[in-house]
Every structure is written in C-alpha cells, then in structure tokens.
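Here is what TrEMBL says about this protein:
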type: SIGNAL; residues: 1-20; note: signal peptide
type: REGION; residues: 22-41; note: region 'Disordered'
type: BINDING; residues: Glu105, Arg165, Arg185, Asn225; note: N-acetyl-beta-neuraminate binding site
Amino acid sequence: MKKLFLGILVTLLIGLAACSGDDSSSANGDGESGNGDKENYTLKFGMQPTTSQNEYKAAEVLADYVKKESDGQLTVDIYPDAQLGDDREMLEQVQNDKMDITLAETGRFGIWVPRAELLSLPYMVDDFDHLKRIIYDTEYGQNLHKELEEDYNWKVMGVAYNGTRQTTSNRKIESLDDMEGLKLRVPEADTLLDYAEYTGAAPTPMAFSEVYTALQTNAVDGEENPLSTIDAQKFYEVQDYLAMTNHVVNDNSYVVSAEMYESLPEDLQTILKDGIDKAVEKHTEMFTQEEEELVSKFKEEGMTVTEPDLEPFREAVSEAYPEYTKDIEGDADKYLEQIKDARE
C-alpha cells in the first residue's frame, strides 16, 4: 500500500513540475504564450509627444495594424508625454534593450555619432525629399544607419517628416538684409544660435515658456519654430509677419531595438516593418497637410507671409559649417559633397 501511495505521489509531483515550467517569452521578456503554441509579444513604444499630437496618432496606426495583422500575437503599448524619459533617455533605453521603439530626429544621433548632426545644420537640407535621398541613397546615410544598428542597437526602420522651421517677426523679412539686428529668440542649441548669428540677427536664447510674453512686449522681435508650434503657442497673436525661411527640415526616425527585432519570428518582423511603413506614411501626411492648412490660417489671422530668396541665407550660414565638420571622423568634405549631390 505504501509503495502504491509513493508511486502515485511521485507521478503527481512530476506532472506538477512539468506544468509549472516557464514557457512565456517576448521581445522584451514580458510576453505570454498564446495562439496555440505561438508566443505573444508586447512592445514598448516611448515618445515625448502627447496624445493630441501627430506623432501619437501615427503610433496608433502602427499599434492597430500589428495587432490586427498578427491576430493579437504582436501588440504595441504606447507611452506618450515623456512618461519613460526624454528623447535621449529613451534612446539609451532602446540601446540597452529596455525599450523596443522610440522616435528621434536624425541629428539627435550626433551626440554619439558626430556626422549625424550635419543634417541638423541650417540650410544643409532643402526639403524632406532631399533628406530622404540623403538618408537612403548616399553612402553617408546608408553607413550612418548601419553604424547606428551595429554599434548602438538602433535599427532605423522608417523616417517621417516632422515639419520645417520658419521665422516669425514684428517686421517684414523679404531678404537676408532684413534679418540684420533682429532680436531673434532661439533655443540653447548651437545650430539654431548659428542660424540667427550668421544671418545677421541678434540671437536671444530664453526659456520656451517666456517666448509669448517676450514677443508681446517686444522684448524680442521674433522667434523660429515649425508651423505647428507657432500655431499651438498662438504666436500669430503677437507677431505680424511669417517668413518662410525653411532653415531646418525636421524628421523623426522610428528607432527599433535591433536585438528585439531579431528575436521576433520572421512573420512578425514583416508585420512590424509593414506597420512602421504605414505609420511613417501617416506621420508625414499629417504634418504636410497641417503645414499647408496653417499657412492659410495665419493669413486669415492677419499675418503677412513672405518667401525670401533663400540662397543668400544658405551662403551666409554655410560659414558656420567648419565648426561642425572639424570633429567628424572620416572625410567630412566627402559627406558634404554627397549631401549636396543629393539635391535635385
């Protein structure tokens, strides 16, 4: 009887041990098994924009697509409003495989790979089509993405348009000469400080929260930002003129953990890639349409919109470029030539 009891007990214990084994896994270690023998994967997508902004709406396109196409096997959880840190902190989390996806402008990678900052220099890039040719068709762009993936775990799976920086002021800007002495509020960023200085303006850094009042009281004469920011902050209420200076083309890279991506089954890799393609398309479409509508809105609000000849602006600001190229590893002049040749 004792032998029979012991035999039953051993059988039960073996069965229990088999049931308690951990068979869950995911791209970031938080997944569960499901869909038969298939594993479910949940990706963390961190970003600074809020839920009302275009970036978040584009991320929703990605999340909806991958969930539907994978029958729920692959899901994307979005963390907006810098819940998981600022853009640099989130890039570092992706680098360390603690986050799966984030957004970053190409120039932001210049902290780690100095030549990336070239694309943030004023008048280095003409428009978004030019930027895409630089990134995808030149040796400079292709090798940059390769280095980011191989050395930093950043797989750039898409590049979206994120608006172009323009200049507002309390006086009309029709030529480079009109910039002379203009007290222009700019952020504490070398590239934008140089935009002001080399065009003849007086660069005036100040906290973003102070800009509206400074414009209202004429403590500064103007500011520069993408049209969406000018609209959101209602700068059109305290500025009479908008000059389409097009001095910096902003992009947003969809940056994915290369380690996470490689851990996905091949079918889910394809679904994720297709989902990001759709998000990038929506992202770019929203910003492009928004800018067209905002120019009309600002005119209706009473602003005068000018389109100065930008070649003198470009020539003036190019004098600042050597300060940025001197610290770049490799042939900086070759990179500049490739960027120039990517113009149509």
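Our numbering is plain: 1 for the first residue shown, then up by one each step along the chain.
Placement of Cβ uses the backbone N, Cα and C atoms for every residue, glycine included.
TrEMBL labels come from automatic prediction, so no person has curated them.
Secondary structure from DSSP puts Glu105 (N-acetyl-beta-neuraminate binding site) in coil. Comment: N-acetyl-beta-neuraminate site residues Glu105, Arg165, Arg185, Asn225; largest CA to CA distance 22 Å, whole number. The DSSP secondary structure for Arg165 (N-acetyl-beta-neuraminate binding site) is strand. Of the binding-site residues Arg165, Arg185, Arg185 has the largest number of other Cβ atoms within 10 Å of its own Cβ. Counting other CB atoms no more than 10 Å from each candidate's CB, the binding-site residues Glu105, Asn225 peak at Asn225.
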